[in-house]
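Record features (TrEMBL):
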type	residues	note
DOMAIN	A:86-293	domain 'ABC transmembrane type-1'
TRANSMEM	A:37-57	transmembrane segment
TRANSMEM	A:90-108	transmembrane segment
TRANSMEM	A:120-136	transmembrane segment
TRANSMEM	A:143-161	transmembrane segment
TRANSMEM	A:173-195	transmembrane segment
TRANSMEM	A:216-238	transmembrane segment
TRANSMEM	A:276-297	transmembrane segment
Amino acid sequence: MTAAAEGSPPLRMTRARRNALLQSEPVQGLALISPTFIYALILLVLPILVVIAHSFWTQHYLTIDRTFTLENYRVALTEPIYRDLLWRSLYISLTVSLLTVLLAYPIAYFISFHGGRHKSLWLFLITIPFWTSYLLRVMSWKVILGYNGVLNSGLMGLGIIDEPSTALLYNSSAVIITLTHAWAAFAILPIFVSLEKVDRTLVEAATDLGDGPLRSFLRVTLPLSAPGVISAALIVMIPTVGDYVTPKLVGGKDGVMIANAIQAQFGKASNWPLGAALSVTTMLIVTLMAGATVLIIRAVQRLAR
Amino acid sequence: MPEQQQRSMIEIKNVTRSYGAFKALDDASLTIREGEFFSLLGPSGCGKTTLLRMIAGFDNPTSGSISVGGQPMEGIPANRRPTNMVFQSYAIFPHLNVEQNVAYGLKRLKLQGGEEKRRVEEALAQVSLTGLGKRLATELSGGQRQRVALARALVMRPKVLLLDEPLSALDKKLREQMQVELRRLQQAVGITFVLVTHDQYEALAMSDRIAVMFGGRIAQVASPKEIYQRPVTRQVADFLGGMNFVKAQIVEESGASLVVDTLGFGRIKTDKPKAFVRNGGGATLGIRPERLRVLWDNATAKFEVAGKVVERHYFGEITHLIVEIPGLEKPLSVTETNDFGADDIPVGTSIRLAYDPEALVAMAD
């Protein structure tokens, strides 16, 4: 009896404390994200750790030598072929994100400012291309850009060119065109959201203070929608650096990107450590580039004031 | 000043604004004088904001014309009008600090030799914000944002400053303080102010003249005192505070005056309002609750009515008494200050009320 009596108050206290702990906001938040978090941990962080580990090892035909070496990074950074592929990937992804943002902004602006009652209809229409597989969309660009493709026949029909141009397909321009089209919706949506948040009376106030439509856009609407532009640029840039399918299908010899090389190392060449080193290098460069983009856009935004 | 006030600044002639079949503004004509504090007063949806936005250039009349400073405004976009606006939401640019907000409109003028900085500082001083120039808009209180909006418009030295319900977002105390400050500021800078408000006390306290609007039409344009004391219609009277309405029979009607018989107040001679339309032999008279005074003990007055207190409402400095008068269909509402003990009059007491026949005004229904 006494033992139970003595034992129960601390027990009740811990239970109360545990309940309080379970009901606290941080704990509930963690509980909410933990399934996703564990999933991501197992399927994202662990593979990345495996890749990072491999990048410091060496492949000897069928076995892997686990002594620490930086040789793979030396190859990745100094071999001309990998350097060229990396540069080309960066160039393509930067060009694609720039073009996508430039093309997406007017569309997002139109929907947000002139969409009227049909805003959701417009947004719905933009998602229509996603009803088909990405492969099909890339293939249709092949049909458009190909030797006997829509574009060539059209241009020939109009008498602008005499024979089909081979400059349209199987080069980096084809990759850029295809990727720009494929990622347009991902750029339109964040820009649209940030434009929706721009208080329309601010534009009126700018007009009232003497600004014409272009000036008020440059001084008020554009700086206030910069967060959307930044996220659009990043959303497009980060995945396109490592895109593998598009260069494979429409890139030809001149459109090969770093991801194709990485795939080759993990596949045919069977040199996992070099593939891993290339992956890690690409990841680091993309991180730096994303950071630089944010900083540059912020600086431009500050200058524009 | 009086000489200056004769010159007109804004001419609004037969302005109508329709949205399909709905007329937001219906044949409104109005002259606003140079250097005056003019208020557009009315309930929401009466067209006052529409009119203000048309003066600013954010909206265009369906028909009719607006001119500012003698210059017709038709075809002139908002950014080239000699007006500036203080928005209801203040519309402070969130990506700019206070100084940059105030200098926003000046940037385009490319002022030389520190003139921009001087004007910004002068404007900030006018609204008592000196020293807060580097604050971000997000770090300001409601009252401060309001001042920034004011400085940003004043720094442009407009011919007309338009204010769209500028005080509605402030709490009561700050609002009353800003009313005084706005009025003082307007007299200091001498710019024509046009204020849109639905708050009758705000309009009465600040304006030189008020236009009362209902359903897209201007009901009356007059000084605050005249609007309050001699409303031309029942609607205007009602909107500007409590009013006891008394039914009357017309005995005699001449050019400018009316003689009427009332049940409670006897025979009254009163000015005939401009908008008065004779509707059979009946008329409506009105008397403000504070123009009825309780007669204590044996005090007498030349004009008095007797009745019984049926309700008493205490409001701190004043008490509202509802007094039933034999013969009147509705009991009278009486406002009495509490210095003589009106708050202690028990319900059911028989009392006598003194009034001045001049305070009974005839109005159109």
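Think of each number as a place in line: the chain as shown, counted from 1.
Including glycine, each Cβ sits where the backbone N, Cα and C put it.
Across A:37-57, A:143-161, A:173-195, A:276-297, stretch A:173-195 shows the highest tally of CB pairs under 8 A with the transmembrane segment (A:120-136).
With pairs at least 6 apart in sequence, the transmembrane segment (A:37-57) and the transmembrane segment (A:276-297) have 3 or more Cβ pairs within the 8 Å limit; the two touch. Same-chain neighbours of the transmembrane segment (A:216-238): 93-94, 96-98, 100-101, 104-105, 108-109, 183, 186-188, 190-195, 197-198, 202-203, 206-207, 286, 289-290, 293-294, 297-298, 301, 304-305, counting only residues six or more beyond its ends whose CB sits under 8 Å from a CB of the stretch.
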